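Right, one structure below, let's go through it.
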């Protein structure tokens, strides 16, 4: 078997729960709930939901329609996908992960419109967060890693954002550590002030903030994320480099970029030649960034795929991988005391702690 590109403990900060579901679990709940899937075998299902050559972001987003109806609105399914997510990450050598999701996309009650063509049920976005928390906590105990969550606002649904920030407040440090904004980057916050208001409330209440920006959208979306939404981290951020002044400013601020190499190839976010990927620029400039999978189910990937791409095509060394993970830990949304513990674990695993030799 090919050896892993980086066989040491890792930290992952940008991965979507609803893009990380085991195909077997989708098939199980589709059968149980009598929901029709495009195929009823793992191989058949993956032919519809997974892909290996670049598609547009719209085509990528359509993949969720194939399987989310089997999971959304089912208590057992929601708990199980959170638990199995922790199991999956533990197997990849991750010791700390922040997983993100939209509570509204898994609900079927008190959500307008009800997603995925579901009939109205009795699972509210609030209960979704509680169910995910239960699954994550159970997974933490079983697999001995730390998992926290980030709740997503959706750019096309600003009416949900107030509730998202309220749920962040309610479950703050009960696995939930931050708020995110995901979706179509062309929908800006001037036209959709609901997001800005939610982020203002997050700032006021000490809730950490990340924003998907500059993935397929221009550098102006990154500028808005930093200046208007007061983002502490940027999801993707590849197109930041197109505005040299903004890029220089964010380097000086030590802004963290959540980089997803394989994802950026498959969504057409970046040039298909990895040697021209913004992450190579980030590496050369000693920027603050991490390596992440984004949506492993749809991209047919594990964290090792992203690390292998970085090693083979972007000139990454073991030392750079260590630096990337230390930066990820430093930029995590954990409370300071837990962050120190996490960093100590990494320093120890990377042989960076000098023995006192009694």
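Each residue, glycine too, has its Cβ placed from N, Cα and C.
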Using only what Swiss-Prot says about substrate binding by 16, 18, 183, identify which of 285, 295, 304 is listed for that site too.
295
14, 16, 212 bind Zn(2+) per Swiss-Prot; candidate in 74, 273, 294 listed for that same site:
294
Pairwise Cα distance for residue 16 (Zn(2+) binding site)/residue 295 (substrate binding site) [Å, integer]:
6
Which ones, of the recorded positions 212, 215, 236, have a Cα no more than 10 Å from the Cα of residue 18 (substrate binding site)?
none
A 10 Å Cβ contact count, applied to the binding-site residues 18, 295: which residue has the minimum?
18
Near residue 236 (site 'Important for catalytic activity'), how many other Cβ atoms are within 10 Å of its Cβ?
29
For residue 14 (Zn(2+) binding site), which of the listed recorded positions (183, 215, 295) have their CA atom within 10 A of its CA?
295
Enumerate the residues of the same chain, 16, 18, 183, 295 excluded, that satisfy the criterion Cβ within 8 A of the mean position of the Cβ atoms of the recorded substrate site; list them in sequence order.
17, 19, 64, 100, 101, 102, 152, 182, 294
